[in-house]
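Annotated compositional bias 'Acidic residues' per TrEMBL: A:23-46, in sequence order. Marked as compositional bias 'Low complexity' by TrEMBL: A:250-260. The annotation domain 'Exosome complex component N-terminal' is assigned in TrEMBL to A:59-96. The domain 'RRP4 S1' annotation in TrEMBL covers A:108-180. Feature annotation from TrEMBL assigns domain 'K Homology' to A:202-242. Under the heading region 'Disordered', TrEMBL lists A:19-62, A:250-270.
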Amino acid sequence: MSEVISVVARNGAFQKNMITESFESDNSDNSDNEDYNMSGSDDDEEKPATRQIASDSDIMTPGELITDDPVWMRGHGTYFLENKTYSSVAGTVSKVNKLLSVIPLKSRYAPETGDHVVGRIAEVSNKRWKVDIGGKQHAILMLGSVNLPGGILRRKSESDELQMRSFLKEGDLLNAEVQSLFQDGAASLHTRSLKYGKLRNGMFVEVPNSLIVRSKNHTHNLPGNITVVLGVNGYIWLRMTSKMDLARDMPPGGSTQTSGGSMGPTGAVSLNPNSNISITRLEEESSWKIYSDENDPNITNAIKQTISRYANIIKALAFCEIGITQERIVIRYEASMAYNDIGSLIQRDNMENIGQEVLNAEKMRGSAA
Amino acid sequence: MSRLEVYSPEGLRMDGRRWNELRRFETSINTHSHASDGSSYLEQGNNKIITLVKGPTEPTLRSQLDQTKATLQITVNLTKFSKFERSKTTGSTKNERRILEIQTALVRTFEKNLMLNLYPRTIIDIEIHVLQQDGGVLGTLINGITLACIDAGIAMYDYISGVSIGLYDTTPLLDVNSLEEAAMSCVTLGVMGKSEKLSLLQVEDKLPLDRLENVLAIGIAGAHRIRDLMDEALRNHAQKRISNASNK
Amino acid sequence: MTLSVAEKSYLYDALASTPSIRPDGRYPYQFMPIEIYTDFLPSSNGSSRIIASDGSECIVSVKAKVVDHTSDDDLLHIEIDIAGERDDALITESCTSLFNKLLKNIDMKKLQLTKKYSFKLFIDVLVISSNSNPVSLISFGIYSSLNSTSLPKLVSNFDDLEVEELPMFHDYDLVKLEVVPPLVFVLGIVKNNIFIDPAASECEVANNGLIISWTNGKIIAPIRTLALNDTNTKGFNPNLIQEGIKLVEKYASDIASALQNI
């Protein structure tokens, strides 16, 4: 294959895998079972009159009866008609206590309180920013939900309203936490912690949100001096590891006994074990610097190449529709060192290999354990 | 062409089908994952269409914002090369009366079926490209939209499946192609799931009323079969996705 | 696509450094991977569908019609439709005019049937989605669709000036159309670096862009500049044009053979 361009080609077809089942009725010899004869093809599809609730692994499609047992509460992806609960999307059934819902196979990001997301400012309006987080609606970030320069004790003033664009403007990327949800499902964000805020020193990658699994921690330091922020909404930020990122990895020195000691004044888990330093740092970081547009001048070309490599690995995992986790990225990163040339990682067969190797590696480890 | 050829005395149509047989029906789902939130590619006989669903998203225009429900917008692009003879019209075909009528009919059909009230203040934009057409296009468009909306995860009450039926003398012919469509009166149906409820009924030609019931019956049966074919394709697709997702 | 200031300066610095570092690690001469499907529209004489790895997609149909070339000597008609853009949008019109000029490079003799009649080709381009400037993708689409085009075989006499007769064709034998359409390459310029096939994010920070056309092993007109964004565009060192031309000269034949290999 040429290294200039890699091509997948096929003649006489619209796409790579032509549709799984083909129903040739045009040229068939009209034997009854091959054609869409109306006679007799329907009755085998009759639903039973009463039905037990479907199990978790069952695939539901719109209009399908889930249960006629009225004890269930109806959640997302269902609707209720004449004492029966039906599915309104294609997906799998989820039962939490008495709440019955159908999780669609795929949809736009649906925010939940506590989610760590990466977003892009779409609009600056009255005392709030509207943030694109890949959801059905823009999320809201209130002026009062961000740390402003000058530390936490500082009062908010009218001048802050007038200079909102000097903090965050259209196009700016930030990471934030979903603080609450509005009635209509839109998210309200906050960045009142040192781990949230404007993003710098790196590159943005987007993957389908279904590939990011909600977990305790979404910021990971990776080998090669890179930190990744895996937004639950499928927006990913890759950056050079900062001192702040490294601080998180340090063991909580001395204050391990008192769990409250590691809490920073913003209520977030402190990034630095020593609470004294934490406050000093907060003041230092709460200066204008946290809204700076300047990148760190020390990003070397080697770091940039590593970021590109990670970006390609993440895209390859997404291409194979494999869930994206820190472990998988690291496994692949180490294995990708065999490809000297980062650009070759975007070729289709290499992406498929990457996905396969990750799954194989996991199988091997699983059998060893 | 003589009228005789449309339906032979032996009960065969021009393409060799019997009166109650559908055309080839092939579909794939999630074909344009980069460009849309939900997509489908559908071949119904020689009709070939791409459907892209974008949304629900934040509307770009204030006029598209509805406080109570999502705004549904459907654009049909009948490409100039879609027919056997290339369309001779110069300039844009986008504002042709016929296309505007199709768009309105589709919006009306799906407005009632999609649960738009769940997505207030958003817009759902559906874009259909007809690459090739061979009769009964409206029915095919309905099927394409249904599949793409399901792929986008938009809540709906049920499948809507569409099909056109012609009436040749006294014989109804299911799923007409363009030659049949030109030769006889036709009816297009949109049917809700496995019910007998019609969400769309379009009759543009003269049709004897006493035959209508017969035509509707075969049409509904054909639409139910299409629903099953779509359901099957969707379940296969879902199975694949779920086995992928178990690798999470 | 709006990028943040920090993203832009990161990308700019990466692309401007020597050697340049592209966000997806490509070489300056490396294209995004593509998928090509041809001949999937039975009612057209030729068709193709090209998808780049960033999801940009374009579909091309070629239909032929027999015309009397003594009265209608315009044997190529091209129409470009970009989804989401109006027909009179700037991008659509500039693409159409570019390809109208370019396709003049095709050898029209190949379309001649008899002394009186020729095939007229109707090339319809539908851009389903595009993340950056689509001209390169469109030219690949036209190239592979014409490459997949087969036309009915003539069975009547070539010389029909004396005898009044319409061309007659063989019932099912087809002849492959032997024309070689030009390819168009888009290059992005950042500071003193030039690179081929800029991705959307690269376009956002590029100082300028170049369109270079190529056919049959040589560079042809038009060569022109192309502003890839509204904010960062400025002048560039004219030596970069030479460098861009060299880049295209060196690698274009690889693309052509990749497109033919179906």
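Backbone N, Cα and C atoms are what each Cβ position is placed from, and that goes for glycine too.
Unlike curated entries, TrEMBL annotations are predicted automatically.
These numbers come from a predicted model, not from an experiment.
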Could you break down the residues of the domain 'Exosome complex component N-terminal' (A:59-96) into DSSP helix, strand and coil, giving a count for each?
0 helix, 21 strand, 17 coil
Helix, strand and coil residues within the domain 'RRP4 S1' (A:108-180) as assigned by DSSP:
12 helix, 29 strand, 32 coil
For the domain 'Exosome complex component N-terminal' (A:59-96), the mean pLDDT of the predicted model:
93
Just to be sure I understand, if DSSP states are collapsed into helix, strand and coil, how many residues of the domain 'K Homology' (A:202-242) fall in each?
3 helix, 21 strand, 17 coil
